[in-house]
Amino acid sequence: MPVKISVSSSSLSPWLLRSCRNPKSLFSASTLQSQDSVLREKPISESEVSHSSISESSVLETPISESSFPVKIDSEIRLSDQLISEGSRYAHSNLNPSQTEQEIFSLSADRILTQDNVVDVLLKNQNNPRLALKYFRWAEKQRGFVRGVDALCILLHILMRSKTPWIARDLLNQCITGDSSPSASVFIDHLFETSKICTSDSRLFNYLLSSYVQAGRIEDASICFDRMIKCDIVPPIMFRNTVLTALVRSNMTDKARNLYKEMLARGIFCDHFALDMMMRACLKDAKPEEAEEYFREMKARGLELDVVAYNTVIQAVCKKPDSIVACELLKEIKDKGWIPSECTYTIVIGACVKQGNLLEALRLKDEMVSNGLPMNLVVATNLLKGYFGQQDLNGALDLYSEMIESGITPNNVTYSVLIEGFCRNGSMEKAYEIYTQMKVAGIVPSVFMFNSLIRGGLKAQLQNKVAKIFDEAVECGVANVFTYNILLHWLCKEGRMTKAINLWDRMVSDGVSPSVVSYNNLILGHCRKGNMDLASNVLSEMLERGIRPNVITYSTLMDGYSKNDEIEQAFNVYDQMVSSNIAPNDFIFNTIINGLCKAGRTPEASDMLRKFMEEGFIPTCMTYNSIIDGFIKEGSISSSEAIYREMRDSGVSPNVITFTSLIDGFCKKKNIDMALKMLNEMRHQGLALDINAYNALIDGFCKKGDMRGAQELFTELFEVGLTPNTVIYNSLICGFRNRNNMEAALSLHTRMCEEGIPCDLLTYTTLIDGLLKVGNVFMASEFYTKMLAQGIEPDIITYSVLINGLCNKGQLDNARKVLEEMDMKNTAPNVLIYNTLIAGYFKEGNLEETYRLYDEMLDRGLVPDDTTLDILVSSKFEGNVVLAET
């Protein structure tokens, strides 16, 4: 049974402090110079024991029982002046005490022993370690004796001077592992102070340090280590490294770093082992930069670093990751003649892949193999990630084949990388093939694999495959909320809300609790369908179930209300979000501003921007673009110019959208000069025109009637590699129609068809109008028939063009048939159409039909305008003239 020692943790006794007024040097110079040497004591031989006056067995008697030691001792010890003087005299004497062993025990037996009595005897017999130890153990057994720290410390010093110093070490171990040992700070202080009156050996402090570590009292070991250094007692390097290792392994990394820095500050040598341990401490604390700093500092100090230190610092820089520095350190290893380990190569290759440097990763893999190290599974898996990252599917497949041929068996992680890689790159057939191979190999698919296959299948529109994989994931019991959310998001984005709600019900019935992301998906789906009441109900359900909405929840609702022209409701959601202590993000600020602009409340949006900026919002180019576009649509080009100048003054650079909006605005105002000025500014900033910018410019030139300038831009568009769209062709066709150049307009239509650009209703309406104006009714009729054959239904403008053109050519019956066709297609004619027909019949002198059409117009609820009344007045005047002539 281990010995339990009760030791006083009181302060040093007054007697001992007085004895230390003129302290001796603790250690000799030779001892201090050899502190970094590893001290190993050898056991005393049997012959040495037999020749001793007191044998080892007599000194180290039968282990003392727990009852041999009292629990409490006096906190204060006072000795008479006589004992003080005697203690001091014997402490500094090299002579043996005059008393015999029998006299010592008999004198002590005649009185109650105190700690000072024992200290006195120990000091008198410090040159006889065996006797001192025997007396100390005898005294411990005496009734009423209370052991103190001073007596124990003096005995330890005495034993350290003997030929068997490990006896002191064993006594230390017994004390440290006991339940009542003194605190580390008290023990080290008492050992240090008692050493001033009792010559000792520095190894005693090393033993104390080691005892704390072996006992698992790492905190006390740290205190002991710190006190030793501050007292200029430097443990040998082996003990220093042991304490640092224990601290790091016990996750006391801050204390380890502090002790390490203290040693460096005091000029105490730290070897590569200590450096490696400190770098590992930094890695434990996720501070790779600090680990690299330690390495650079010790390298600059000239420390001879070993391959282990290099491996650890490479591990640190790879965690950042910094593959360039890692490769430089790897080169240093090779320059020193060392061969990097398989682990080192693996780590550096992984860092290269993370930073997208696949070529260097492949080079290191080849170098690794050439050094006789096999390509392992981790390296192969990382390289697969690299190939997929660069969308090199063939390279990934070749490497996969090389793995199989080399006997490397893919594991769950490898298959996950393969499946995810093929899914991300759209190669779903190969992804499903790898998935099948994995199941044949007996590897159970993970939820990550299922999610990758579902996400990739949805992107590739493979709904049947996705349904099968999803059912399989549910059957395997691995489908989680992320699995359901992937499908839910896709269904809501596609507007398939019935299926989305069915999936929701299945998720709940399967015991999977919806997350805030699940609710956000449902809200998004309802918002996109314009069902804002249902979206609001989802938010209410979230709150009832105790699921706290996040900023995405509120921003989705606000965006939905804004797009549905319910800007006030969007503001209500904003107020609700703020009251919930959720800080709005830039998306929300932009949503509000954009919503106001789309609602035709751009001045209010501009004022709101000022308010948001006061709250810390920093507007972006997108913010200013919304306001500029809003003012342009409201016809306030001057206000849009002012916002543009404010944007430039605030340091926000305009983009292509900014310039396109301004160019479009100036063109609509027929201010081509300002539009061209914006074009020059745009090019000065190195911005290339996009198709929308060309749309705006070409349309502006066409409306101005400058068809030459429009054609030059049209030619330039092809030269910069852009393809004109239907809108651009419509602008040009309309421009030539307005110039009565139907030959050029028809030529552009032919070119559209040849290039596969679809014609829309505006294309046909413009061509029909132009052909009717030049009197080509037959060709206009052919285009109308072609338009209907393509499934393009005419609108009120098309019907107006047809009726107006036919009436102008005197084909009133055909014009009347067009009106009847409108009735058949439930397209209500407007006042303009009736005015055209009434004017046509009046021109033909058919006053009866003129008035009948007027009555029909009134029956439809249409209100005649000034043109209608002018025609009727003219018809009545003409009717009166006819009657008079008759």
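Quick reminder: no glycine exception, Cβ is built from N, Cα and C everywhere.
Listed by sequence, the residues of this chain that lie at least six past the ends of the repeat 'PPR' (201-235) yet keep a Cβ under 8 A from its Cβ atoms are 26-27, 31-32, 35-36, 39, 156-157, 160-161, 165, 168-169, 172-173, 175-177, 183-185, 187-189, 191-192, 242-243, 246-247, 250, 252, 255, 259, 262-263, 266, 268. The annotation repeat 'PPR' is assigned in TrEMBL to 201-235 (among others).
Distant neighbours of the repeat 'PPR' (306-340): 272-273, 275-276, 279-280, 282-283, 286, 288-289, 291-292, 295, 347-348, 350-352, 354-355, 357, 360, 364, 368, 371; these residues of the same chain sit at least 6 beyond its ends, with a Cβ under 8 Å from one of its Cβ atoms. Summarising the annotation, TrEMBL assigns repeat 'PPR' to 306-340 (among others).
According to TrEMBL, the feature repeat 'PPR' maps to 376-410 (among others). In terms of DSSP helix, strand and coil, the repeat 'PPR' (376-410) has 26 helix, 0 strand, 9 coil.
Secondary structure by DSSP for the repeat 'PPR' (411-445): 26 helix, 0 strand, 9 coil. The repeat 'PPR' annotation in TrEMBL covers 411-445 (among others).
If one looks beyond the repeat 'PPR' (480-514) by at least 6 residues along the same chain, the residues whose Cβ comes under 8 Å of a Cβ in the stretch are 447, 450-451, 454-455, 458, 466, 470, 473-474, 521-522, 524-526, 528-529, 531, 547. Annotation comment: TrEMBL describes 480-514 (among others) as repeat 'PPR'.
Here the repeat 'PPR' (515-549) returns a mean pLDDT of 92 for the predicted model. Residues or ranges marked as repeat 'PPR' in TrEMBL: 515-549 (among others).
Per TrEMBL, the feature repeat 'PPR' maps to 550-584 (among others). Under DSSP, the residues of the repeat 'PPR' (550-584) split into helix, strand and coil as follows: 26 helix, 0 strand, 9 coil.
If you look up TrEMBL, you'll see 585-619 (among others) marked as repeat 'PPR'. Residue counts for the repeat 'PPR' (585-619) under DSSP, split into helix (H, G, I), strand (E, B) and coil, are 26 helix, 0 strand, 9 coil.
Here TrEMBL flags 655-689 (among others) as repeat 'PPR'.
Within the same chain, residues 691, 694-695, 698-699, 701-703, 705, 707, 710-711, 714, 717, 766-767, 769-771, 773-774, 776, 787, 790, 792 sit at least 6 positions outside the repeat 'PPR' (725-759) and bring their C-beta atoms closer than 8 Å to a C-beta of that stretch. Positions annotated as repeat 'PPR' by TrEMBL: 725-759 (among others).
According to TrEMBL, the feature repeat 'PPR' maps to 760-794 (among others).
Here TrEMBL flags 830-864 (among others) as repeat 'PPR'.
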Reported in the order helix, strand, coil, what are the DSSP residue counts of the repeat 'PPR' (515-549)?
26 helix, 0 strand, 9 coil
In the repeat 'PPR' (830-864), how many residues does DSSP put in helix, strand and coil?
26 helix, 0 strand, 9 coil
Are there residues at least six beyond either end of the repeat 'PPR' (515-549) with Cβ under 8 Å to its Cβ atoms? List them, or say none.
481, 484-485, 488-489, 491-493, 495, 497, 500-501, 504, 507, 556-557, 559-561, 563-564, 566, 569, 577, 580, 582
